[in-house]
Structure formats: structure tokens, C-alpha cells
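Lifted from TrEMBL, the feature list:
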{"type": "DOMAIN", "residues": "237-360", "note": "domain 'ABC3 transporter permease C-terminal'"}
{"type": "TRANSMEM", "residues": "21-41", "note": "transmembrane segment"}
{"type": "TRANSMEM", "residues": "228-250", "note": "transmembrane segment"}
{"type": "TRANSMEM", "residues": "266-285", "note": "transmembrane segment"}
{"type": "TRANSMEM", "residues": "291-313", "note": "transmembrane segment"}
{"type": "TRANSMEM", "residues": "334-354", "note": "transmembrane segment"}
Amino acid sequence: MISKNFIDYSITLLFKDKADHSFSFLIFSFIVFLLSSVLFISDSIKYDITNSIKSRPDIVVEALRAGKDDLIHDGYIYDISQISGVGDIQGIVDGMYYFGQKRVWFHIIGDENLDEYEMIIGSGVKEAMQELYYEDVFNFLTEKQLIPIKINKISPHETNIVSNDVIYMNPQTARDVLSIDAGKYTKLYVSVPNQNEVSEVALKIANLYPNTVATSAEDAVAAVNNLYYYKGGIFMILYVVAMVSFFILLKNQISLVYGEKKKEIAILRSIGFCIKDIIALKFIQNIVVSTAAYLLGIALAYIYVFVANAPLLRNIFLGSELNNSITFTPVIDFDILFLIFIFSVIPFLAFVIIPSWRVAISDMSEAVK
């Protein structure tokens, strides 16, 4: 059994040779920081968007013509309401408005809770408008007229991830801005009381109107997951960089063992340390280095993403033309963090302990010369 004195000696020897371990510590921390940052950003965005999707009705129906979005008329609402299992149906007015002065797009969504000619805007929209001194009223330029609308308030900061580029306004006002006629909608929200029938109802809607896409909340969540798996794949380049750094780290450790540390192991053997003691000593030293580096990398990634809001990396994930002044919701997948620990710390220890063992069982007389 390893004694406390042996552990103290191992730690003392580690600090004595801290210059040799500093490079390994920094590279290891960088690798964990990089991988954890990507993980935290992806999981946080998926969490917020998934919750937003789950708060919507069960099925979203959109019409297509020639591969582009088309308008839906009242006849769709009546026909779909006759399908068995359908509860409430709500026609939605939304669309994109091009703000030519800033060359950005705003997403306009009709909200019946708002009075005519007032609106709620996202933080990104607010910043774009304020740059051109639109403080209280914004003038929407349409084909027929100029529509001044009062800025009622700003969307809550917590919803920025889904409302950053959104403008909420009364549906009738939204029709005027987007030039959509009365009785026409851009999509339908369909509620299905029996959750077991959602997929079946979506299929019936698609069969009834082949030009429509009926997306259930479950399918929308799956699409978000696939999207961020893809965005995570973009970081394979960073992952390769991390792996190259990792192999440089391992090479550094092996060089230490077969270089100047070879004589140190030989001296330990000559003063009575057995092979098991040497392996234990190297294990203690490097488990301290790797675990400390792992925890530092996780802590730095947490601060970078959830405190500093991930400058640079967040724009790659969010991809908005507007400034993203969002706050990431802290979401931590401990299973993935455990896998990162296993697939980084274990190889690190193996690449140190195995060479140390091979040196320890070799001829010590050659090593001390």
C-alpha cells in the first residue's frame, strides 16, 4: 500500500521538476478548454432552441410553391380542422423585412397581444435601429406607404437566442408591413390534444395538401440537433489542431522519460525503489498534472462561454447578421465531460507509465553512465 510519505515525496519531486511538466500542463489545459468550449456553446444553444420549439403548438404547417414559401388561405384552416384528432388551429403572419440602410433582415412575427402600430423588438434589432437614431418610432418602408410604428419595449434578455433579430407586432400591422392580404397566412399552428396522434395528424395534413410541410415539434427538435451536430463538425479542424497538440504533448512526455528522466529512474532503482514504486511515483505525478490541467480547462471554458459569452466562437454557431448580445444558459453534459476525461487523461498516463516501466526493467548500469 502506498504510504503518505511516498505520496508527499512524489508531489515534492513533481514541484522540483515543475519546469519539465509546465509544457504538458499548458497544452493539456488548452485541449480540454477548446473541446469543452465547443461542447458548452452547442449544448446551451440546443437547450434554448429546443425549449422554444416545445413551447409552440404540436404541428407547424407551411406551404411551398416552386420550392419557395407560399401563402396559406382560410380554406386550409377549414379542411385541416376536419381531420380527426385536430384541436385548435391558428393562422400565423410572419416574414422577413429588409432594412436597407443597415443591409440586415428583421424577422417580423404577428402577436395578437399587441395593439396596432406598436412593437416589441429583440436586442439585435434595437442596436441596429439605434445606430440610425430610431429610438421611439421606426418607419417601415413598403411598396405603398411609410408605416411608423412605436417601439413598445425590448424582448427579455433571456430570450435573445431566439428573438435577437425578431420584431413582434399586431398581426394586422404585420400584414401591412409584409404586404400580406387579409385571410392569408404564412403558416398554421395546429394543436393535437392526444400526443400519440401528432405524427399521424402531420401525415394526414401532408396527404391532404401535398404542397405543404407539416413539421411536428419532435421533428423540429431533431432538425435542431442535426444542425448543431453539423456545426460541431465544423470544429473538426479545431479538433485536429487539438489532437496534434496532444501528440506533441505525448512526444514531450516520452522524450522526458527516455531522456534525462531515464537517469533519475535508474538512481531510484539503485537506492532501493522497486519497479512497482517507480510506476506508482510516475502515476501520482502525472495524474496530478493531467487532472489539474483538465479541471483548469473545464473552468476556463465555463468562464469563457457562460461569463464572457464566448467571443469569436459564438458568431460561428449563431450566424446572425445582427450583433448577438445573448447570454448562454449554463448547460453541462457530464457524460461528455467524463468521456473527454477518459480519452485524454488515460492516453496521457499510458504514454508516460509504459515508457517508465520499460526503462525501469532495463539494465540500470547503462542508464547511469
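Note: Cβ is positioned from N, Cα and C throughout, glycine not excepted.
Sequence-distant contacts of the transmembrane segment (291-313), counting only residues of its own chain at least 6 positions beyond either end whose CB sits under 8 Å from a CB of the stretch, comprise 24-26, 28-34, 36-41, 44, 326-328, 330, 332, 337, 340-341, 344-345. On the 0 to 100 pLDDT scale, the domain 'ABC3 transporter permease C-terminal' (237-360) averages 76 in this prediction.
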